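K.L.:
Right, I'll just put the structure down here and ask away after.
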Amino acid sequence: MIYHPTNTESMMFRNEVAMKKFSDDGIPTKRSPLEVSESSDVVITMLPSSAHVLDVYSGRNGLLGNGGRLGPWLYIDSSTVDPHTSRKISMDMSRCSLNEKKGYAEKPMMMDAPVSGGVPAAEAGTLTFMVGGLEETYIAAKPLLLAMGKKLIYCGGAGNGSAAKLCNNMAMAISMLGVSEAFALGQNLGIKASTLTDIFNCSSARCWSSDTYNPVPGVMAGVPSSRNYDGGFTSKLMAKDLDLAMASASGVGFKCPMGSEALEIYRKLCDEGCEFKDFSCAFGHFYTGKDEK
């Protein structure tokens, strides 16, 4: 069952192109989140922002409508949002009830379960899920999650999956910028990026940004840097996730100097027209690194 919103502030607008594509493929579509909820046993959402999640779940014609009496026994939100949003939706869910008992579930269950692995892992069914919520909900949902991913990590209570995802993406951004900076410095010092890659990948600098998602064009095939930074995880999304991480850090009085600097770099990249380029474009567009010949 599909409901596909546009990336707008209000979920009252549907992405009709996406809806038609699914409909043409024989997949049932609905005109509102509430209609999806009324026709489903399990609902999985993956939305662009906290505002979208709040609107789809608690807004007009949202998933939690119908007077709080719900059909689905399980709701999984795989959006990358701040922990406060995940906890609010979980709290709203706790005040709802099931239309009828399903299996051992006496009340509707909610999990925040953002993912890691990107488009390639989604297509291959090898995503990693970072799960927050009641442990009994996690155990009940494991077979469903394992149909979409290969690794599940239970992070604790509601919102902890979202917190883990923000920490992961902040570390990923900082790592990508550090590797890109080192490659660009190496080029300026006369060392080829492919040589540094060989060194990094058998030394203490080895990381995902060097051995799996190398940012230097010409060093690695099949990654965004090999196709003009098209596809992949956009700089705009990275800036959004870093902004969420910094807001969450501020909310608990924790300072993240490296995360804050990373956010400023990705904001600058977006302002300069790279918002839809993969976030590894920092190598070429911020550090002015060169393609490998």
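Placed from the backbone N, Cα and C atoms, the Cβ positions cover glycine too.
TrEMBL labels come from automatic prediction, so no person has curated them.
Copying in the features that TrEMBL gives for the protein in this structure:
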| type | residues | note |
| --- | --- | --- |
| DOMAIN | 14-156 | domain '6-phosphogluconate dehydrogenase NADP-binding' |
| DOMAIN | 159-280 | domain '3-hydroxyisobutyrate dehydrogenase-like NAD-binding' |
| ACT_SITE | Lys165 | active site |
K.L.:
Give me the long-range Cβ neighbours of Lys165 (active site): same chain, 6+ apart, Cβ under 8 Å, in sequence order.
P.N.:
Thr80, Pro114, Val115, Ser116, Met130, Asp241
K.L.:
Under the DSSP assignment, what numbers of helix, strand and coil residues are found in the domain '3-hydroxyisobutyrate dehydrogenase-like NAD-binding' (159-280)?
P.N.:
82 helix, 2 strand, 38 coil
